[in-house]
Every structure is written in C-alpha cells, then in structure tokens.
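Straight from Swiss-Prot, the features:
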type	residues	note
BINDING	Cys308, Cys368, Cys371	[4Fe-4S] cluster binding site
Amino acid sequence: MGMTIAEKIFAAHLVDEPFHGTRVLKLDVVMCHEITTPIAIADLIARGKDRVFDTSRIKAVIDHVTPSKDSKTATQAKMLRDWARRHNIKDFFDIGANGVCHALFPEKGFIRPGYTVIMGDSHTCTHGAFGAFAAGVGTTDLEVGILKGVCAFREPKTIRINLNGKLPKGVYAKDAILHVIGRLGVNGATDRVIEFRGAVVDAMTMESRMTLCNMAIEAGGTSGICMPDSVTVDYLWPFISEDYASKEAALVEFKKWWSDEDAVYERVLDLDISGLEPVVTFGYKPDQVKTITEMAGTPVDQVYLGSCTNGRLEDLRVAAEILKGKKIAPTVRAILSPATPKVYSDALHEGLIDIFMEAGFCVTNPTCGACLGMSNGVLAEGEVCASTTNRNFMGRMGKGGMVHLMSPATSAATAIEGKMADPRKYL
C-alpha cells in the first residue's frame with residue numbers, strides 16, 4: 001500500500017510509538033514567538049530545565065506586538081529576548097529585523113521538504129506549502145520540543161483536495177481556500193492533514209501556496225501540505241544550491257516525498273475552480289462564505305492588508321495594481337502591514353508603498369498586531385473591517401468588531417468604494 005506525503009514524513013522521523021495511533025517524531029525546526037513561548041520558558045525554568053535541544057534548529061522572533069505597546073508585551077518580548085541570548089540562538093529576530101513569523105521564516109529558507117516543524121501558533125500549518133509537516137502545538141508540546149527536539153502526534157489521516165481548472169481573473173489563492181473551507185466546514189478536517197493538489201496548485205507561486213496552507217487550521221486541519229516541485233526548488237535555491245549539483249538534482253530528491261499513486265486518503269474532494277468568483281466571509285466563522293456578488297455594497301469602517309496569510313510582496317503587488325492612481329473612500333481608514341522587512345523594502349523599491357500612501361493608507365512596520373486585536377488597527381465596538389487575515393471570530397480584531405475575510409484584491413477594491421466591492425472591475 002502506498003503512502004501519503006504526511007505518512008512518509010512521519011515514517012522518516014519516527015522515534016517512538018508509545019501507544020496505538022500516537023507517533024513521537026524527531027523535529028527539524030522549533031519556532032518561537034513572544035506570545036506563547038515565554039509561558040513555556042517560565043515553566044522550564046521553574047522545573048530546573050532551562051535548556052534547548054539544538055540551538056541551530058530553534059528559530060525565534062518578536063512579531064505579534066512590535067514594538068511593544070505596554071509593560072505586559074514588553075515583558076513578554078524581554079523574556080524571549082533574554083532566553084535567546086542566554087542560549088546563543090543565532091536565528092533570533094528582534095526589533096528591526098523581525099517580521100511575521102510565518103512569512104519571515106520561509107523567506108530565510110528555514111523550511112525544507114520533508115521537515116517536521118512545530119510552533120506555539122495555530123497557523124504553523126503555513127509551512128506545509130514546502131512539503132513539510134508543520135503544526136501548531138500547545139505549551140506542553142512546545143516545552144518538550146524545545147527541551148528534547150521531539151513531539152507526539154496522532155497517526156495522520158489525510159484529506160486530499162484537488163483544485164482543478166484555472167483561477168479566473170480577479171480570483172486568488174485566498175478565494176480558493178475560503179471556498180475550500182466553505183465546503184469542508186470549520187470542523188471538516190479536524191486532526192487531519194489537508195493535501196492540496198491539482199492544476200491550480202501546480203500553477204501557484206510559493207506565496208500563494210502558503211496562503212492555502214495557512215488556513216488549513218480554519219477547517220480544523222492539523223496541517224496543510226503541498227507537493228514540493230520546481231516552484232519549491234526555485235524558491236529555496238538561494239539556500240540549498242550548495243547541497244545539490246543542480247536544480248534538477250534537488251527536484252529528484254524532493255519528489256521522494258510525493259504521495260504515492262496508490263496512497264490511501266480518508267476523503268478526496270474534487271473542486272473545479274474555473275468558475276469561482278471572489279469570496280468573502282459574512283459571519284463569525286471562516287466557513288460562512290459568500291461571493292462578492294452577494295456581499296457587494298456592504299459598508300465597512302476599516303480595510304486591513306497584511307498578516308501571515310496575505311502580507312507578502314505578491315499580495316501588495318495585487319492590491320497596488322488596483323489602487324494605483326486612486327483614493328480610498330473618505331468613510332474608511334486603510335492599514336497596510338507588510339509582513340517582513342524584506343517585503344517592506346522591496347515594496348519601497350518597486351514604488352508600491354508610494355501607491356498605498358498616495359491612496360490614503362497608513363503603512364505600519366511588520367507586525368501581527370491588528371489581526372488578533374492587539375495593536376496597530378484594533379476595531380471599536382460595532383465597527384466592520386474588510387481584512388486579508390485568516391480569522392473572523394467575534395471580537396477577533398477588537399471587542400464587538402466584525403471581520404470579513406477576503407483577498408488583497410477585494411480589500412483594495414473595498415477601500416476605494418468604502419463598501420465591499422468586486423475587484424474584477426478594476427483589473
């Protein structure tokens with residue numbers, strides 16, 4: 001019987017099987033940020049186990065509230081900073097070098113096909129775009145990962161999603177994943193790996209694949225995952241060129257992780273994306289989705305462009321194409337948070353930041369801030385935000401606030417009109 005990519009990764013990293021259905025895996029990368037990691041650090045210190053299993057395999061960043069907004073967040077940042085210095089963790093990104101973790105770490109080439117990756121953050125599934133098994137974990141698992149370099153997981157069952165056809169004009173990876181979540185439901189992939197396949201995925205950039213995998217958790221998925229291919233090789237080549245004689249040789253190695261033709265899936269869902277319209281959410285769950293045609297005209301107070309879902313250069317380019325030479329509506333405020341310093345710098349050099357500022361956007365430093373209602377764009381009670389983030393839970397971006405999830409293109413069109421708008425008219 002053949003194996004899925006997730007099963008192959010599990011088999012290659014298996015350390016122990018303490019009881020049926022549970023696998024203890026060796027970890028390739030443990031990622032840390034200043035919100036969840038300090039809790040693990042404090043407990044390790046209290047237990048007299050302030051150690052790390054391998055400093056080269058730990059990556060840490062201050063990203064959620066940066067710069068710190070108050071004493072509490074400053075203390076959290078200091079705990080992570082002091083810990084990283086104490087253990088000589090070289091891949092630690094402090095103020096000035098920091099960015100949103102799930103954009104920054106791939107940008108640094110830290111994730112490779114076949115890797116096992118954990119973090120105390122639910123959107124760690126983003127890194128599955130590289131053909132890795134990447135999952136968010138709780139504090140106890142994070143502690144064990146930091147200390148021992150292992151983590152326990154349930155035996156993986158995989159749901160395969162075949163995205164067939166071709167993305168229409170004005171429709172992007174964000175629309176595709178919202179459509180998938182709408183079909184699966186918020187619990188439809190609980191404790192499952194979602195394997196994204198098909199012509200649509202094959203044609204996507206790594207940035208778009210990261211958008212897909214980023215929101216696997218919104219359907220309950222432990223991880224999202226894509227097959228590593230020539231697109232993956234091209235993205236990683238600056239970091240792996242010394243390890244392989246050629247890109248072709250790297251691709252041969254990467255293909256060893258591909259799911260076998262006779263792999264067994266718990267479920268296979270075929271979706272033709274060719275006729276898909278831009279998609280937006282309408283309620284307080286990510287599976288509550290409608291087309292922009294159904295939602296057009298809904299007024300908003302704020303537009304937010306950024307996050308680990310859609311704060312990459314590709315996303316900024318899409319939005320800037322629509323915004324160029326235009327102004328945002330006087331009834332809205334618009335905020336752009338580039339996901340990393342490199343994204344910010346590249347956008348500056350391409351003239352994209354000028355386009356956003358001339359349109360009326362406020363441009364912030366790289367941060368998660370507004371996405372989870374912590375800083376740099378928090379909503380007031382009763383306000384509505386058109387957002388490129390990944391969660392629309394009640395109060396997610398501010399107590400009593402309403403969030404509608406959408407693509408960067410739809411958010412840009414919405415900013416221009418001050419109400420939900422179809423981006424296709426501007427393309």
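Glycine is no exception: its Cβ is also placed from the backbone N, Cα and C atoms.
In the shown protein chains, 28 other C-beta atoms lie within 10 A of the C-beta of Cys368 ([4Fe-4S] cluster binding site).
The local packing around Cys371 ([4Fe-4S] cluster binding site), expressed as other Cβ atoms within 10 Å of its Cβ over all shown chains, amounts to 28. Other than Cys308, Cys368, Cys371, the residues of this chain whose Cβ falls within 8 Å of the Cβ centroid of the [4Fe-4S] cluster site are, in sequence order, Asp63, His64, Val100, His102, His123, Gly306, Ser307, Thr309, Gly311, Thr367, Gly369, Leu372, Thr389, Asn390.
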